[in-house]
Amino acid sequence: MLLQLTPRRHELISVFMMSIGTTFMFLGYDVQSMMAESVLHSVSTKNPDRISEYAGYYGQAIQYISFAFFSLFTATIQYYISSKSMLVLSSVLFTTCYIAYIHVNSYIFYSSQLLLGFAYAMYNSAEGTYLSEHSSRRTIDSNSALETGLGHTSLFFGGVTMLFVFHFVPHTFDGHFLNFDEHVVQVIYFSLMTLTVVSVVLFTFLPTKQFDSIALNTQRVTPSMMAQFKRFGKSFSHLNTSLLIFTYVYMGCMVSFMYGIYPTSLSFTSETASDVYIIALYLLSSGLAAFLSAMFIRPMIKRLHKYKLIVPMAVHCTSMAIVLFLVYCSVPNQATQRPTSDLANLWITPSRYLSMIIGFLLGFADFTITMTRSVICQIAVPDFRAEIFSLTRIYQCVASCVILFISPYLTVTTWIIILIVGLLIGIAAMFAVLCRTHNNTIAAPIEPLEEEKDEKFTEEKTFA
């Protein structure tokens with residue numbers, strides 16, 4: 001007799017398959033983001049006519065601006081294409097983008113980054129929709145926690161993958177930075193492409209049957225493109241939206257530093273570039289922090305109704321303060337621009353263990369600021385929640401695009417100043433939004449979720 005699945009088991013299988021597919025898709029994405037500048041700089045030194053030495057920075061900038069642009073349209077696309085189809089399409093595009101590394105060429109590479117931005121925007125819209133189609137009001141929170149926890153393992157498994165690949169792939173060191181010949185680049189990115197294919201398979205076989213889902217119980221109205229843009233215009237003109245620009249411009253700079261600038265500095269510093277495993281270990285430690293945050297810190301913070309935004313903001317500020325101090329003490333000033341062996345002015349000698357500590361702290365910082373964004377988007381302008389979330393992603397991506405385009409001219413000191421100023425202004429802007437949103441104490445910005453109220457009511461009724 002075939003096993004009969006209950007609605008809850010069906011939900012869990014659906015969310016689990018999507019989460020594992022997400023892990024495989026972003027596993028390669030995270031690795032290529034952190035290695036792009038190092039790999040392409042190495043290729044450019046041998047073949048300067050094929051691609052710019054700063055193509056890694058420029059490629060990520062193009063990807064971010066592409067994501068920002070297509071985010072304006074993907075919310076409308078999901079009214080005409082199923083969430084499952086959008087997930088499959090995005091994973092296929094993620095997979096094909098690795099072809100750009102098989103034979104590195106400026107036109108192919110920059111085109112692939114443009115396509116990757118579109119794929120990311122498609123996934124970003126489809127993820128939330130599919131989750132709402134396979135979650136009820138009572139299970140949406142636990143399903144989101146499961147998806148977040150498993151999805152954040154991509155960084156961790158990306159590090160494990162790189163440890164495995166670099167153990168078998170030959171490499172050379174020229175005294176300043178790690179060299180990647182064309183064969184090595186092909187092996188690395190073909191391996192990542194193969195792993196990403198797993199996400200295509202998993203998304204293809206995602207269940208589509210719905211039970212008592214949020215999407216099923218919500219009236220579906222298909223808005224026109226003009227109506228969507230009018231809603232964007234109204235949400236954009238709100239004062240809270242204007243204040244949050246500062247927060248998410250900072251977030252764009254912080255994410256660019258975590259995924260692009262600091263890993264590149266490890267490859268450009270002679271003391272750490274000779275360690276072929278250092279970026280893999282940095283990835284692994286960042287992923288471990290994100291996973292632990294999703295599994296333990298997020299549920300713990302959820303119970304602190306009165307401090308749901310204060311606690312993650314405090315953790316973020318503390319983590320970033322320690323990171324910036326360690327970076328100032330251990331990274332050569334020119335290491336974000338070019339290979340260097342100038343370690344004379346450093347207070348702390350750079351090492352793989354220090355990079356793992358910085359990676360772990362950046363993982364905490366990334367998770368907490370992302371969690372804060374999810375909450376603030378719900379309360380800043382309640383009538384335009386979806387539009388606010390899209391706009392904050394656009395702010396973040398535009399900021400990342402600009403900062404990455406000028407990164408070849410920014411030293412470590414300049415980066416630290418930008419991040420400190422951005423952190424102070426961004427957090428101040430978020431507090432201003434909290435004060436405007438709630439008339440009571442700013443330490444109590446979040447009311448319990450509706451499902452949490454229902455659970456509390458049920459418990460009180462049981463013990464009555």
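Any Cβ shown, glycine's included, is placed from N, Cα and C.
Per TrEMBL, transmembrane segment is recorded for 12-29 (among others). Using a Cβ-Cβ cut-off under 8 Å and counting only residues 6 or more beyond its ends in the same chain, the transmembrane segment (12-29) has close neighbours at 5, 87, 90-91, 94, 98, 116, 123, 127, 130-131, 134-135, 143, 146-147, 149-151, 153-154, 157-158, 161, 192-193, 195-196, 198-199, 202-203, 205-207.
TrEMBL lists 61-81 (among others) with the feature transmembrane segment.
Look at TrEMBL and you will find 86-101 (among others) tagged as transmembrane segment.
Annotated transmembrane segment per TrEMBL: 107-123 (among others), in sequence order. Sequence-remote contacts of a segment are chain residues at least 6 beyond its ends whose Cβ falls under 8 Å from one of its Cβ atoms, and for the transmembrane segment (107-123) they are 22, 25, 29, 40, 51, 55, 58-60, 62-71, 73-74, 77, 86-87, 89-91, 93-94, 96-97, 99-101.
Annotation source TrEMBL lists transmembrane segment at 144-167 (among others).
Taken from TrEMBL, the feature transmembrane segment applies to 187-206 (among others).
Residues 30, 33-34, 36-37, 56-57, 60, 64, 282, 286, 320, 327, 331, 336, 358, 362, 365-366, 369, 373, 376, 380-381, 388, 391-393, 395-401, 403-404, 407, 415, 418-419, 422-423, 425-430, 432-433, 436-437 of the same chain lie 6+ residues outside the transmembrane segment (239-262) yet bring a C-beta within less than 8 angstroms of a C-beta in it. According to TrEMBL, the feature transmembrane segment maps to 239-262 (among others).
Residues of the same chain lying 6 or more positions beyond the ends of the transmembrane segment (277-297) and with a Cβ under 8 Å from any Cβ of it are 30-31, 34-35, 38, 145, 148-149, 151-163, 166, 258, 262-263, 266-267, 312, 315, 352, 355-364, 366-368, 371. According to TrEMBL, the feature transmembrane segment maps to 277-297 (among others).
Feature annotation from TrEMBL assigns transmembrane segment to 309-333 (among others).
Residues or ranges marked as transmembrane segment by TrEMBL: 353-376 (among others).
Feature annotation from TrEMBL assigns transmembrane segment to 388-406 (among others). Counting same-chain residues at least six beyond the ends of the transmembrane segment (388-406), those with a Cβ under 8 angstroms from any Cβ of the stretch are 57-58, 60-62, 64-65, 67-68, 71-72, 75, 124, 232, 235-236, 241, 244-245, 247-253, 255-256, 260, 373, 377, 380-381, 418.
Here TrEMBL flags 412-434 (among others) as transmembrane segment.
The listed stretches are 86-101, 187-206, 353-376, 412-434; of these, 353-376 has the most Cβ pairs under 8 Å to the transmembrane segment (309-333). Within the same chain, residues 18, 21, 25, 28-29, 32, 39, 74, 77-78, 108-109, 111-113, 115-116, 118-120, 122-123, 125-127, 129-130, 185-186, 188-190, 192-193, 196-197, 199-200, 203-204, 206 sit at least 6 positions outside the transmembrane segment (86-101) and bring their C-beta atoms closer than 8 Å to a C-beta of that stretch.
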